[in-house]
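This report refers to the structure that appears directly beneath it.
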Amino acid sequence: MDDDIAALVVDNGSGMCKAGFAGDDAPRAVFPSIVGRPRHQGVMVGMGQKDSYVGDEAQSKRGILTLKYPIEHGIVTNWDDMEKIWHHTFYNELRVAPEEHPVLLTEAPLNPEANREKMTQIMFETFNTPAMYVAIQAVLSLYASGRTTGIVMDSGDGVTHTVPIYEGYALPHAILRLDLAGRDLTDYLMKILTERGYSFTTTAEREIVRDIKEKLCYVALDFEQEMAIAASSSSLEKSYELPDGQVITIGNERFRCPEALFQPSFLGMESCGIHETTFNSIMKCDVDIRKDLYANTVLSGGTTMYPGIANRMQKEITALAPSTMKIKIIAPPERKYSVWIGGSILASLSTFQQMWISKQEYDESGPSIVHRKCF
């Protein structure tokens, strides 16, 4: 497809926005889903200070800004800021006119219906797109892995969900959602670093902790054993240099932080861990298809990027499943972007072209058309 008429694929995550052109093998723009507003009064006249900053620019000026994420737990909570992010995506990052391209957006399953209606309305009424579609994130990840059957455990910054898919059909009754993801782990790491005497409190400092988490954390295969090793030696300790040059040391926090994915009680949550959620999701499916799901468990999203997570999932699900069951955890190296990649594949299929919601259909039916045309 040519760039001039190619569909735009925008995966609006709670933490990062991934955007690009259908048919490409990777997103062209990846930036934080952040809108920042100055905390202080501007005193330098004529500097052209803006009243808000989006994405990387907000991130780089974070020291003087209050940072807000308009998407929480996969649901848009601030539509004005969301519009700013889309505007930034089209005009600054991709440099396209949205009224000239069909737009494929993504959404977490089990989102409130009003969320996708409002997305549809903004695309057609604010950005005047000729056509649009809203796809379920996990389904796109399965496309990207080249499968039509499997269970996707997709964990991003705001929401984790398990979606069983059989021969291309998502099984809605068996989809489970867990509001525990990367942002909660960042907050938890902030908390346990405070116990070590390092204080991180502001929205800007939270971003530093997120970086520590992404660079140094890993999932232990055996948590108790790892705790014992950490207590008896300093072999697991790593140091991290803060932006001001101060160096901090982190030890068992490296694996205690992502352990919360398997033991949500660490965060004071009563829900099941990601391994049990995946298992429960499989158990909600017909007995005849479970075998295929166990053998095709696909990890997707940035929060599945911790070293050791696939081995741990394999171990935990093996312990829950029938003893003779073959279990295979698939963790593609590009899984951070597999939702976007799946969207790029889907939007460039010739068979998909009749699936778009056109401006004409929208004008006839209004925003509720999205429930009829998009799963």
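Quick reminder: no glycine exception, Cβ is built from N, Cα and C everywhere.
As the structure is a computational prediction, the values presented were derived from the model and not from experiment.
Per Swiss-Prot, these features apply:
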| type | residues | note |
| --- | --- | --- |
| MOD_RES | Met1 | N-acetylmethionine |
| MOD_RES | Asp2 | N-acetylaspartate |
| MOD_RES | Met44 | methionine (R)-sulfoxide |
| MOD_RES | Met47 | methionine (R)-sulfoxide |
| MOD_RES | His73 | tele-methylhistidine |
| MOD_RES | Lys84 | N6-methyllysine |
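Cβ neighbours of Lys84 (N6-methyllysine) (same chain, under 8 Å, six or more residues apart in sequence): Val35, Ser52, Val54, Pro70. Long-range neighbours of His73 (tele-methylhistidine) (same chain, six or more residues apart, CB within less than 8 Å of its CB): Ser14, Ala108, Gly158, Val159, Asp179, Ala181.
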